[in-house]
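Here's the structure we're looking at; comments come further down.
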Amino acid sequence: MPDFTIIQPDRKFDAAAVAGIFVRSSTSSSFPSASSYIAAKKRKNVDNTSTRKPYSYKDRKRKNTEEIRNIKKKLFMDLGIVRTNCGIDNEKQDREKAMKRKVTETIVTTYCELCEQNFSSSKMLLLHRGKVHNTPYIECHLCMKLFSQTIQFNRHMKTHYGPNAKIYVQCELCDRQFKDKQSLRTHWDVSHGSGDNQAVLA
């Protein structure tokens, strides 16, 4: 039976690279040449090549969907809106899971606070507010900013609930939030007068 000497014991065993890892010992105990080891490595790399991109469109889309879903959940919890799944058969679990996912993904901005109606999308809410209430904008419930387009509103809500959410300064009298103390000072001067605000801001 021939004797074998392990040249690189720390390398992972692979059938394509066996020639580079194990060498038959002979009387002269010659080691393999560099070219045989490189050829074995090339064979190994050819076998393990992947056609999938490391960061594909589907990965980005999945990540964005999960991020939007988390933002919406936080919005629901903050506003105290409770969603229920009515009319779902308990026997059909697939339908129930799909319905739960759809209900969870419904954005909280579809709720009109003026007439307490719920709409299918934020664009429908914007149309409703423009026609019925003559207020063609969506208002942020945290900082009271107004937005005439839903894409602007959704981008703004990421500053409150997204992964890079900003910390805001809050007015003690009306509970409005501002991104810095200068905005809060301006709010004090305009809304509450310039009375004792220096003590509160310090």
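The backbone N, Cα and C atoms fix where each Cβ goes, glycine too.
Small disclaimer: the values here were computed from a predicted structure and weren't measured.
Looking up the ranges 14-37, 110-133 in Swiss-Prot, the one annotated as zinc finger turns out to be 110-133. The zinc finger annotation in Swiss-Prot falls on one of the ranges 49-72, 169-192, namely 169-192. With DSSP classes pooled into helix, strand and coil, the tally for the zinc finger (110-133) is 11 helix, 4 strand, 9 coil.
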